[in-house]
Amino acid sequence: MLLSAVSTKFLSGSATAFRRSFHASSTCLEKLNVEGLAKKVDLDGQNVLVRVDLNVPLAKVCIDGTTVTDDTRLRAIVPTTKFLLDKGANVILMSHFGRPKGEIIETGKNGRLNPIVKPLEELLGMPIKKVDTTIGPEAEEAAGKLNKGEILLLENTRFDIGETTNDMTLAEGMGKMADYFVMDAFGTAHRAHSSTAGVTNFMKKSAAGFLLDKELKYLQGAVDDPKKPMMAIVGGAKVSTKIPVIESLMDKCDTILVGGGMIFTFYKALGYEIGGSLVEDDMVELAATLMKKAEEKGVKMLLPTDVIVADKFDNDANTAIAKVTDITGDWMGLDIGPDSILEFKAEIEKCNTIVWNGPMGVFEMSNFAEGTNAVAQMLADATERGAITIVGGGDSVAAVNQAGLGDKVSHISTGGGASLELLEGKVLPGVAALSEV
């Protein structure tokens with residue numbers, strides 16, 4: 001049997017707060033979408049500024065300008081872009097790339113968007129013009145010279161330090177290039193930035209793209225009206241980053257499976273020795289509170305019963321399988337064990353709605369990726385039998401895609417933090433700023 005979590009306090013008032021937050025977030029569905037925009041406005045020959053998420057991972061060789069290692073986010077923006085082009089619009093794309101923190105960086109993961117141009121051209125089947133600025137004379141001139149049905153890509157929005165502070169001067173500069181705005185970057189919709197929220201103050205109309213619209217409807221729909229039983233699978237290194245979503249999902253889920261490095265904080269709360277495993281000491285009491293809350297609400301909160309332990313944090317470390325009560329010395333747990341994989345599988349097979357966010361182990365190291373890969377296959381199998389399966393978070397999505405299972409689950413979310421905040425019931429600034437229907 002899986003280890004059922006138990007412990008002390010109850011977080012009072014959270015259920016009421018959760019319902020109130022979700023009532024607020026459901027208004028997101030009343031926002032104008034791109035199809036509605038096209039019905040209200042003749043877009044033929046009009047410049048439309050589209051905020052997309054081109055923040056994709058690059059191979060090391062991409063420092064010299066070549067390879068995108070995962071084009072999920074690029075493919076995700078194609079429907080909205082092609083729809084606007086079909087309506088005769090001139091499409092101006094803008095995105096952040098990494099975290100340059102206001103500096104202009106020529107290459108690499110925080111650099112210019114140049115490596116994105118070729119793969120995006122291949123996906124769209126047409127050339128893309130690019131400028132080396134986000135606002136100003138060069139960008140405005142390029143936008144003004146666009147012919148019907150052309151695409152312009154602006155430079156990395158985070159080269160300007162004002163982007164992340166929602167600077168209105170920067171937002172106004174963005175607004176000079178178009179009369180209409182489409183928000184299709186779900187991955188940054190939880191950020192109140194100049195390019196996601198501020199820019200809408202300088203547009204005639206602002207609408208949600210197909211990607212954003214789909215994410216909102218899928219995630220909210222699954223949580224507001226799930227096919228029962230519902231399960232959340234929550235992984236990752238730290239409890240602290242997942243507390244709100246665990247707490248919120250307790251009001252909807254029948255079962256919560258916990259994996260990843262965060263399990264050791266729960267184990268410490270249960271009084272187990274955890275060796276050299278990762279632990280957040282300041283979160284131990286809260287982990288105990290979450291377990292007690294689950295018990296009182298009748299929610300199964302289940303932890304692995306065995307783990308893969310290693311004598312050092314290295315893919316080539318010596319490893320062993322250990323029961324969670326038998327982790328000794330400086331050995332550290334880096335993945336869930338084989339018994340836990342089988343036990344997780346049995347629980348997943350009982351559920352009809354499954355939301356997964358976060359890996360089961362140190363997914364970046366191949367010797368500790370088995371738990372994550374196994375869960376990816378379990379979700380594909382669950383989808384085949386008719387369950388609704390939603391995957392969010394970079395490592396979880398990567399595992400599904402690398403296993404060739406991307407089209408075998410119901411929905412892959414392009415947002416990490418955004419999907420978590422939506423599941424928590426929060427209103428996303430990048431959605432709240434859009435025009436009403």
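In case you wondered, yes, glycine gets a Cβ from its N, Cα and C as well.
Automatic prediction, not curation, is the source of TrEMBL annotations.
Annotation source TrEMBL lists substrate binding site at Asp53, Leu54, Asn55, His96, Phe97, Gly98, Arg99. Of all Cβ atoms in the shown protein chains, 13 besides its own fall within 10 Å of the Cβ of Arg99 (substrate binding site).
Cβ contacts within 10 Å of Arg191 ((2R)-3-phosphoglycerate binding site), excluding its own Cβ and spanning all protein chains shown: 21. Sequence annotations record features per position, and here TrEMBL assigns (2R)-3-phosphoglycerate binding site to Arg73, Arg158, Arg191.
Among the features that TrEMBL reports, ATP binding site is placed at Lys242, Glu364, Gly393, Gly394, Asp395, Ser396. On its own chain, Gly394 (ATP binding site) has Gly416 as residues at least 6 apart in sequence with a Cβ closer than 8 Å to its own Cβ.
Just so you know, the Cβ of Arg158 ((2R)-3-phosphoglycerate binding site) picks up 25 other Cβ atoms within 10 Å once every protein chain is counted.
Take Arg73, Arg158, Arg191, the residues named in the record as contacts for (2R)-3-phosphoglycerate: the widest Cα to Cα gap among them comes to 18 Å. For the binding-site residues Gly98, Gly393, counting C-beta atoms within 10 A of each C-beta gives the highest total at Gly393. The shortest Cα-Cα distance between Gly98 (substrate binding site) and any of the binding-site residues Arg73, Glu364, Gly393, Asp395 is the one to Arg73. Among the binding-site residues Arg73, Arg158, Glu364, Gly393, the ones whose Cα is located within 10 Å of the Cα of His96 (substrate binding site) are Arg158. Taking the mean position of the Cβ atoms of Arg73, Arg158, Arg191 as the (2R)-3-phosphoglycerate site, the remaining residues of that chain whose Cβ falls within 8 Å of it are Asp53, Asn55, Ser95, His96, Phe97, Thr157, Ala185, Gly187, Thr188, His193.
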